[in-house]
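Here TrEMBL flags 43-166 as domain 'VTT'. The annotation transmembrane segment is assigned in TrEMBL to 30-56, 76-97, 117-140, 146-169, 181-202.
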Amino acid sequence: MLNLGQWFGLRRLYEWVLSWGHSRHARKMLFLLAFTEAIFFPIPPDILLLTLGLAIPRRAVCMALLTTAGSVAGGLLGYAVGVWCWPLVADFFYHYVPGFSPAGFAQLQQLFLRYDFWVVFLAGFTPLPYKIFTIGAGVFQIPLGIFLLASLISRGLRFLLIGLFIYRFGEQTRDFTLRYFNKLTFAAGLVLVAGLCVAQLWR
């Protein structure tokens, strides 16, 4: 659980990210945010995608594709960190990056061994912290092709849904996305998990 200082720190980061929407480098910052969030940054790119997309709805789908590209590229770097650098950087992530813990990684290993593609897909599509799974996929040597395919599909689906909602519904998308989008994607993820469990029982 976040303490008060951490909460205010995240709030200031959130407001700082939103301020990028008024910059002439906004699209570059969107790509950079998506890239870094896939490795260590705590603020998801959805909020900046929403801000920029609502400013120019006809470009929302293009911005969603840009966000997808940044996130998948960052995911590949996260994967590389897991493969080659994890023993050197593990303590840093455990102490300073929210969501990382030795116990959590032990549980993650068991999930990856059984459901490699679906674990990455769920992390990429739902509000789960994608960064944990990009690095974890590298640490536990998930095949790169499986990781890349799951990331492209899940991140593309998540961000394109936001882009298409903005293009179709405009300003109405803001409240829907902020209130319900994460809940709906998480619910869809739970349905998928339930389906996988049923499939395992019927084997």
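Yeah, the Cβs are placed from backbone N, Cα and C, and that goes for glycine too.
Unlike curated records, TrEMBL annotations are generated automatically.
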Residues from the same chain, set at least six apart from the ends of the transmembrane segment (30-56), whose C-beta lies under 8 A from its own: 10, 13-14, 17-18, 20-21, 63-64, 66-75, 77-78, 81, 93, 97-98, 127, 130-131, 134-135, 158-159, 162-163, 166-167, 170-171, 173-174, 177-178, 181
Secondary structure composition of the domain 'VTT' (43-166) [DSSP: H/G/I, E/B, coil]: 107 helix, 0 strand, 17 coil
